[in-house]
Amino acid sequence: MPRTISLAVVPGDGIGPEVVHEALRVLREAVPADVSLDTTQYPFGAGHFLETGQILTDSDLAALAQHDAILLGAVGGDPRDARLAGGIIERGLLLKLRFAFDHYINLRPTALLPGVASPLAAPGQVDFVVVREGTEGPYAGNGGVLRRGTEHEIATEVSVNTAHGVERTVRFAFELAEKRDRKRVTLVHKTNVLTFAGSLWQRTVDRVAAEHPDVTVDYLHVDATMIFLVTDPSRFDVIVSDNLFGDIITDLAAAISGGIGLAASGNVNPTGAFPSMFEPVHGSAPDIAGQQKADPTAAILSVALLLDHLGLSEAAARVSAAVSDDLAARATGDAAPRSTAEVGDAILRALSTNH
């Protein structure tokens, strides 16, 4: 049956427009013949804020909510610009979108693909997914400051963990594990110190685990997890964690599997009540913007996540396979640097020729 995907595109700042351009080329090639792609571009980002004084208005949110999904490039301007201090763009755009659209799952697949160098001497088979809770924890904004600027200043950041928020994240992790070959869930927290929140997470995992007898479950403190990510990353299949620990885990996971230039992510509302957002993990890199030096692979892998989320799993697999082919070819072919467009061309060729 014919279908139209309504996609909001936010190229953003710096290298964002360049990598999104290549991602859209691949997306248009990958969608099945009976699927049409209707894209609407939005100017949000640091540049838009500096021009207009606005980051993301209520009317902007209402417009974005009408789409099936959002593809984001990267946002952020010159870090030396005082007008952008304090993470104003990240909080006013990315976090605002996450909370407004209830993106309670931050999904970060990690795989060491053939031809990709890892800083680890013997990484083994690296193929796991981090399921990070996206709307609670210390990022919920529950805190404050008293006596700022004095020797008696008090600053608090309260980590908010609700039974509802924890359970829906844990259930997503178990349902994902059921679809994977190894069917293993690892809860990562710090239950020996963060006893109240840790207990809620552990009790929830124990209860949901009883409904999934085919899934193996274990627990690691977050510090032990960081060690195992370096010494034995192949032990992991699905990691589930809170907002803060998940944020830290995913950056190290990217580092051991080729770097953030290959890392894709999804901020997901699994219910479909709001559009989910997909983006490369890397930043806007304003120092190389417009020079065709950025690798668009992470943005293209974000397209694979987007397709899978929209139920087009075969198209998603084709994109992932084409990226794998290109990465393998890079390792054995000409080592000369390629432009952003040349990487896009190569992945498009692999997609149309082999997949």
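Backbone N, Cα and C atoms are what each Cβ position is placed from, and that goes for glycine too.
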In Swiss-Prot, the substrate site includes R98, R132, D223. Which of R91, R108 does it also list there? R108
Counting Cβ atoms within 10 Å of each Cβ, the densest environment among the binding-site residues D223, D247, D251, D287, D295 belongs to D295
Would you list the other residues of this chain near Mg(2+) - those whose C-beta lies within 8 angstroms of the C-beta centroid of D223, D247, D251 - in sequence order? V222, M226, L244, F245, G246, I248, I249, T250, L252
In terms of DSSP three-state secondary structure, what is the assignment for R108 (substrate binding site)? strand
Least Cβ-crowded entry, counting other Cβ within 10 Å, from the binding-site residues listed as R98, R132, K293: K293
What's the most sparsely packed of the recorded positions R108, K190, counting other C-beta atoms within 10 A? K190
